[in-house]
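**Student:** Shown below is the structure under consideration.
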Amino acid sequence: MAGSSQQRVIFPHFKLKICLFLCLIGIVSASDLTSSATTAAISALTFPDKQLSPAFYALTCPVALATIKAIVTAAVLKEPRMGASLLRLHFHDCFVQGCDASVLLKDTGNFRGEQGALPNANSLRGFEVIENIKAKLEILCPGVVSCADILTVAARDSVVALGGPFWLPRLGRRDSTTASLSEANSDLPSPLLDLNGLIAAFQNKNFTVDEMVALSGAHTIGRSRCYLFRSRIYNESNIDPTYANLLRANCPKNGGDDYLSPLDITTKDAFDSAYYRNLIYKKGLLHSDQQLFSGGYTDSKVQDYATNPLLFRLDFANAMIKMGNLSPLTGTEGQIRKVCSRVNY
């Protein structure tokens, strides 16, 4: 009991030291010292999950996070759509084999990667931003920062650059030497799924229904092509007629497959909760979007997020941390790629 009492006295001072350390290396600002994000960071530092920690690079590459943030912020300022592209890259990576940067591997003569999978082909973007970050970090800290961690941090920084929440991802992932085309085709949720299909796809990765609704809020940014929502705007009844007519003007029944429409027509490049308000007014772009508010048991959560943006920000950040922890390679597993698009030889 004496030992336990002493630990209770010392631990608050230890937490304060960690807070100050996080400020020093730029993970949090001084104003964040009492925030829930900082508390989560402390927990991650003191009780690491499978060797992952927000401060993983504090000693081996202290400039890593600042370098990633600078390049991502510049890319998003130049092209706001890039924010959604980088967030989507992280999602499509983690849902296939876990967060291991397998999505970045290009096909070779004797290797088939995931980029040719139906959900990825001709739609994934942002590879050049990730490669730019990797090239810079290989100069500053050669062989230290993994492509998987770059994807994870870049997703967070993209959201922040567009006005979304900040969170502390745990770092220390390593890069895979394999990819799975079949798993990319089977495990990535289709925009044509109904509500039960969406729930099943996310439950397959151990997400709750509420976490699925929160992660779907990523569609507050980004674009989708005409061929993915054509059936909805011509054949479905649970869509606002004015909104449908607006979309039909640029997405005819035949042709125009590559016409891009914002997933959130209200604030297309701002990370906010307008996506959920749009669903209430039957202005979800994709069939799978509108399924979240279609008379089912996710309606109440959509209403919660539509009326309480702070709740959405908190739940989204927590769900992103959980997604980033999907089946990471750590320790001596995998490798640290020198170039993100190919394995080391």
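Just so it is clear, glycine is given a Cβ too, placed from its N, Cα and C backbone atoms.
The active site, proton acceptor annotation in TrEMBL covers His92. Under the heading Ca(2+) 1 binding site, TrEMBL lists Asp93, Val96, Gly98, Asp100, Ser102, Glu114. For His219, the entry in TrEMBL reads heme b binding site. Among the features that TrEMBL reports, disulfide bond is placed at Cys61-Cys141, Cys94-Cys99, Cys147-Cys340, Cys226-Cys251. Taken from TrEMBL, the feature domain 'Plant heme peroxidase family profile' covers 51-344. Annotation comment: TrEMBL describes Arg88 as site 'Transition state stabilizer'. The feature transmembrane segment is assigned by TrEMBL to 56-77.
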**Student:** Find the one among the recorded positions Arg88, His92, Cys141, Cys147, Cys340 whose C-alpha lies closest to that of Asp100 (Ca(2+) 1 binding site).
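**Tutor:** So, spelling it out, the nearest of the recorded positions is Cys147.
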**Student:** Rounded to an integer, what is the Cα-Cα distance in Å between His92 (active site, proton acceptor) and Cys99 (disulfide bond)?
**Tutor:** 9
**Student:** Among Cys94, Cys226, Cys251, Cys340, all listed as disulfide-bonded residues, which has the most CB atoms within 10 Å of its CB?
**Tutor:** Cys94
**Student:** Which whole number is the mean pLDDT over the domain 'Plant heme peroxidase family profile' (51-344)?
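**Tutor:** Overall, the domain 'Plant heme peroxidase family profile' (51-344) comes to a mean pLDDT of 98.
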**Student:** Give me the sequence-ordered set of same-chain residues, not including Asp93, Val96, Gly98, Asp100, Ser102, Glu114, with a C-beta within 8 angstroms of the centroid of the Ca(2+) 1 site's C-beta atoms.
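**Tutor:** What remains near the Cβ centre is His92, Cys94, Phe95, Gln97, Cys99, Ala101, Val103, Ser176, Ala179, Ser180, Ala184.
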**Student:** Rounded to an integer, what is the Cα-Cα distance in Å between Arg88 (site 'Transition state stabilizer') and Glu114 (Ca(2+) 1 binding site)?
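**Tutor:** Per the Cα atoms, Arg88 (site 'Transition state stabilizer') and Glu114 (Ca(2+) 1 binding site) stand 14 Å apart.
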**Student:** What's the number of neighbouring CB atoms sitting within 10 A of the CB on Gly98 (Ca(2+) 1 binding site)?
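**Tutor:** Neighbour count, Cβ to Cβ under the 10 Å cut-off: 19.
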**Student:** Quick check for the class: what is the C-alpha distance, in angstrom and rounded, between Cys251 (disulfide bond) and the residue listed as 'heme b binding site'?
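**Tutor:** Distance (Cα to Cα, whole Å): 20 Å.
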**Student:** Cα within 10 Å of Cys340 (disulfide bond): which of the recorded positions Cys61, Cys94, Val96, Cys99, Ser102, His219 qualify?
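**Tutor:** Those near Cys340 (disulfide bond) - Cα within 10 Å - are Ser102, in sequence order.
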**Student:** Which of these binding-site residues is closest to Cys94 (disulfide bond) if you go by CA atoms: Ser102, Glu114, His219?
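**Tutor:** Comparing Cα positions, the candidate nearest Cys94 (disulfide bond) turns out to be Ser102.
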